[in-house]
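First comes the structure, then the notes that go with it.
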């Protein structure tokens, strides 16, 4: 008997599954509060060079001191990274006569003065990550996603080796420890290291939460369960906007978004280990105990039960698996690259950044509802491919239509972001075409590719120094190309998750000889 048939006997979507899914939605809701935290943690407020006090400034107002000390941009605002080597007192008579001699202009020599009206402090203001150090500011997000990339490989293997629940608990505990250490950072180097380690831990949470819940759900409700879990990511997006609005100091903001992990640790007590994993690893007695608990809670009585460990090499062992693995990895990379590229540019949307963050989270919900209908009507392959292609086209259309006004620009970006986020969930479904025993390894590999895309996405913003529109052109091109790759994947609509027994010789006799528990042959 296949595990899918066993789930039908004990009710594959009863009270037991609903309880598990909602408990696992708590850490899922917490993930975007860290993954998108860079928008607020590393926000760069308006700033200008600090001007040392001079006796000649005694009778001048602050505005007049700035006027004679800092050159202006063409739009009349003060430059952020330059100052005059000597005060230009003649500008007090005619401020429009900006000096054309660049030799009297120099980089900031005495630090910067920041506008604290929106943020009490950020890591940019804490360590002056502006101007020449702007790259380090963007690199903070890259360090985090490098950690997430490493965590995908590490926890993909560990969760297959030691179990889903144990590794999820370890990931949550590490996330709390390193999240709090990040908040207590005394230097940029310490912050970079602790944020990287936080990324490793949260990668484990992201990697394990969805499969742990899905492995208890039958085929019929698998898509609905995935959409439901994904909804809590969107809710987390909106909560991040609220938390960031209320907490304007970066250290306490880190504490605020890390604290909910403690609640997830407590609630994990009621979540059982994956029965699929237990059976595949020969732990049939434990699996039967959890399955009996599930059956009783769902009002069912008895059932029949059925086992080999695989590695990442399994994903590339046959031509079919190689094709699926390579296409899935490419798809995950494109989804994360375009999604985080759009997500980490809140200041370019013409809206208050807190409102932008909330709107982005809110608009993902109807997008996912629409996608739920599409994947069940049109199929997953077509939905995946066209959603990512349209995401890229929306990003590109924004550039072409930028002259149409700020409102139109905001709409196009929001639409593209909503489609991109929907696709992030859909990419998960690709891995269900791999055999069960390698599914968690497959999730680890695909998550690795996604986090690689997430790590590169923030650095692409630095290309605006070459050409203002180059970052968005890059996001557009990658999204469209990766969307085309999705057409190469097999359709998995209403397809059962493959089991060990469908690939290897029957293990029923081995289980009997091992003296586990009496099993009745289907």
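The backbone N, Cα and C atoms fix where each Cβ goes, and this holds for glycine too.
If you look up TrEMBL, you'll see 87-494 marked as domain 'Major facilitator superfamily (MFS) profile'.
With a cut-off of 8 Å between Cβ atoms, the residues of this chain six or more beyond the transmembrane segment (139-159) that come close are 34-35, 38, 41-42, 123, 129, 167-168, 170-171, 191-192, 195-204, 206-208, 311-312, 340, 344, 440-441, 443-445, 447-448, 450-452, 454-459. According to TrEMBL, the transmembrane segment annotation covers 139-159 (among others).
Residues annotated as transmembrane segment in TrEMBL: 166-186 (among others). Beyond the ends of the transmembrane segment (166-186), by six or more residues, the same chain brings 27, 34, 151, 155, 158-159, 194-195, 197-198, 200-205, 208-209, 212, 251-252, 254-255, 257-258, 261-262, 264-265, 268, 273 to within a C-beta distance below 8 angstroms of the stretch.
When Cβ-Cβ distances below 8 Å are used as the criterion, the transmembrane segment (192-212) is approached by residues 20, 24, 27-28, 30-31, 34-35, 139-140, 143-152, 154-156, 158-159, 164-165, 167-168, 170-172, 174-175, 177-179, 181-182, 185, 226, 229, 271, 274, 428, 439-440, 443-444, 447, 451 of the same chain, each at least six residues removed from its ends. Sequence annotations record features per position, and here TrEMBL assigns transmembrane segment to 192-212 (among others).
Here TrEMBL flags 224-246 (among others) as transmembrane segment.
Sequence annotations record features per position, and here TrEMBL assigns transmembrane segment to 252-271 (among others).
The transmembrane segment annotation in TrEMBL covers 324-342 (among others).
Residues or ranges marked as transmembrane segment in TrEMBL: 354-375 (among others).
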* Distal contacts, the transmembrane segment (252-271) - CB-CB under 8 A, six or more residues away -> 19-20, 23-24, 26-27, 29-30, 33-34, 37, 40-41, 165, 168-169, 172-173, 175-176, 179-180, 182-183, 212, 240, 243-244
